[in-house]
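Presented below is the structure to which this report refers.
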């Protein structure tokens with residue numbers, strides 16, 4: 001019997017509606033669980049974590065910049081959550097009670113608009129689902145809602161990541177940058193690079209996340225799942241770990257593109273430098289907060305990509321920087337936009353998994369729309385980008401526009 005039939009009637013009805021809108025291509029009775037990953041998920045735990053850990057209390061900001069941020073080196077940070085109210089408040093039971101009738105984004109429809117679900121229904125779905133790649137909350141608008149914004153009181157930005165240069169664009173114009181993310185085992189984020197050269201941090205409050213990270217020079221064709229391999233689930237994290245990951249463990253896989261692997265536990269924060277490919281699979285029920293950022297350290301790359309990908313936004317940004325941060329405006333003026341940044345982009349103009357390497361052409365490398373996101377660290381999915389591109393080509397506008405504010 002499908003897990004949907006185990007849900008209360010109203011939850012079952014709402015879950016079906018959300019699924020129909022978010023993934024209309026999965027239209028068969030058993031399409032959501034055709035691969036039966038729920039029954040064969042145990043082997044996905046079998047890997048070796050190989051990423052360095054540091055303690056926030058033992059590494060000052062200046063040392064973090066020199067050891068990790070400036071050389072674009074991933075790391076796991078412990079101790080960032082000390083004193084966070086989220087440790088106590090962010091449980092399934094408490095979230096289902098406090099935010100029971102609040103709607104959170106868990107997908108997008110074919111027009112690129114948000115598909116939302118009430119928290120009470122989503123928690124019931126989480127606790128019963130046997131879907132191969134379940135619905136996943138990835139809400140960037142929670143901070144704009146008078147009730148959901150209370151989540152902001154439950155955490156603080158870790159000390160290494162408080163340099164927030166996109167704030168000078170204005171809260172209504174800046175690209176989406178923070179997400180409340182929550183999902184069951186087998187949900188997750190397909191392989192991607194975060195937008196506009198931004199770096200990201202992801203702090204896990206509950207559960208475990210499995211990460212694979214690859215340096216920016218890794219050719220896209222090595223990492224992307226083809227239609228032949230993944231079918232209708234080609235963009236899903238569990239599909240990537242089933243099809244591409246085994247190849248990364250073969251002797252024939254290029255040594256310079258070996259993955260960094262992480263099992264992130266509750267209380268740990270993963271730092272993802274700009275330009276790094278990464279894929280994330282939830283191993284059990286997870287709740288996390290993640291933010292993308294531009295700092296003084298990564299500003300040259302972020303500025304370069306923003307000018308190329310979001311020219312109107314860059315002009316507004318530069319006007320404010322000239323007034324409030326003239327030293328950064330001077331850096332912006334000195335950057336040669338005709339030179340490559342050396343960092344790849346998960347380009348919306350070339351989303352085919354069989355396409356050429358992301359570093360093979362300057363035009364592809366620098367194409368990045370920086371739109372709304374639905375992942376663990378801020379990059380928009382290829383599926384969402386294609387939907388949005390179709391809508392814009394047809395003259396659509398409104399809440400799905402790419403003006404930097406999130407859809408709600």
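Just so it is clear, glycine is given a Cβ too, placed from its N, Cα and C backbone atoms.
For the Fe cation site that Swiss-Prot gives as 192, 194, the extra residue drawn from 278, 304 is 278.
Of all ranges given (1-25, 26-50), Swiss-Prot attaches the label region 'Disordered' to 1-25. A 10 Å radius around the C-alpha of residue 189 (substrate binding site) takes in these binding-site residues out of 202, 278, 290, in sequence order: 278. Secondary structure at residue 194 (Fe cation binding site), as computed by DSSP, is coil. Counting residue by residue with DSSP, the compositional bias 'Basic residues' (8-22) contains 14 helix, 0 strand, 1 coil.
The distance from the Cα of residue 192 (Fe cation binding site) to the Cα of residue 290 (2-oxoglutarate binding site) comes to 15 Å.
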